[in-house]
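Pulled from TrEMBL, these are the features on record:
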- C26-C37: disulfide bond (DISULFID)
- C35-C52: disulfide bond (DISULFID)
- C186-C216: disulfide bond (DISULFID)
- C240-C270: disulfide bond (DISULFID)
- 1-20: signal peptide (SIGNAL)
Amino acid sequence: MVCVPYLLLLLLPPLLRVSADTTEPCELDDDDFRCVCNFTDPKPDWSSAVQCMVAVEVEISGGGRSLEQFLKGADTNPKQYADTIKALRVRRLKLGAAQVPAQLLVAVLRALGYSRLKELTLEDLEVTGPMPPKPLEATGPAFTTLSLRNVSWATGGAWLGELQQWLKPGLRVLNIAQAHSLAFPCAGLSTFEALTTLDLSDNPSLGDTGLMAALCPNRFPALQYLALRNAGMETLSGVCAALAAARVQPQSLDLSHNSLRVTAPGATRCVWPSALRSLNLSFAGLEQVPKGLPPKLSVLDLSCNKLSREPRRDELPEVNDLTLDGNPFLDPGALQRQNDPMISGVVPACARSALTMGVSGALALLQGARGFA
């Protein structure tokens, strides 16, 4: 077990003496598939995490505490434990509820570079201190999906470029929610060559201007799916301009759960990405079909808006699959239920979607999971 203290760090922290009268903070299911640890005890028994070594999915919650105590092992070279790390079954790892020194986070990534990890989720973390100097080559994991929710960084908007330096190429899905900063210095951001899914949902302060800053030009050449649910988007023209400036060609764009305004008369007409085939404008508070839509789409979702009449053909693009469910002209009670989902015992589709909207990024996570399902 000599390799465990460095190998796990956050995943499986150093072995300590087991206390017989302490409740186990970690639980492993009967199939040895999922292991969940919640270290909320004032004196947590970190050694309980050893049982997670056999699990495929591992979730570690630090109980809101600082993990600075583990910095003493951060300088260890993980190469000496490479075979043991590679033997671990873990494919999905979630780390949350802790204050993590940046040096320690990088040490974990270096160790996981020898693992077969496919998905990493960081949630409710405060990353403290500066990131270590840029490595000569990326030594972290080659996972396909990276998800971050409510993660703050001492380095401000430079965090993504600094984190990217430690990851091997091949990231396909990137989810960033409740971010403290999405204004990335483009000069410090390398190209995400393989990234097909970018989900910036649940960032209500982002807005059209913030999107322009987040989408660095020519950094997302393979992007196919862009999600901006509940991201403070204001106008279709603003979103279109940001996409054009970034030179991205998504096939699917989700703008649901934004309060979209009508584009002002005389606004510069924007040319949408030619690859765009699917546009989701549900739950956007639309009282009429917005002008300036792409001329041709395979899928257009206008459900759960405030359309009081059926759109005319000349108001719509050429579209194969049009969804208008949940609008007042089809269901007179739809608007009232949108404002008060619990108005009746039967929860309609629009209310169900509104009630569960906080679980954003699920589609992107499922797409990333296909790589090892």
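Keep in mind that glycine also has a Cβ here, set from the backbone N, Cα and C atoms.
Bear in mind that TrEMBL entries carry predicted annotations, made automatically and left uncurated.
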Might you list, by sequence position, any residue in that chain lying six or more from C240 (disulfide bond) with a Cβ less than 8 Å away from its Cβ? C270, V271, W272, G292
C52 (disulfide bond) has how many other Cβ neighbours within 10 Å of its own Cβ? 26
In chain order, residues whose C-beta lies under 8 angstroms from the C-beta of C26 (disulfide bond), counting only those at least six residues away in the same chain, are C35, V36, C37, N38, S48, A49, Q51, C52
Would you please pick out, from the disulfide-bonded residues C35, C186, C216, the one with the fewest other Cβ atoms within 10 Å of its Cβ? C186
Among the disulfide-bonded residues listed here, C37, C270, which has the most company in the form of other Cβ atoms within 10 Å of its Cβ? C37
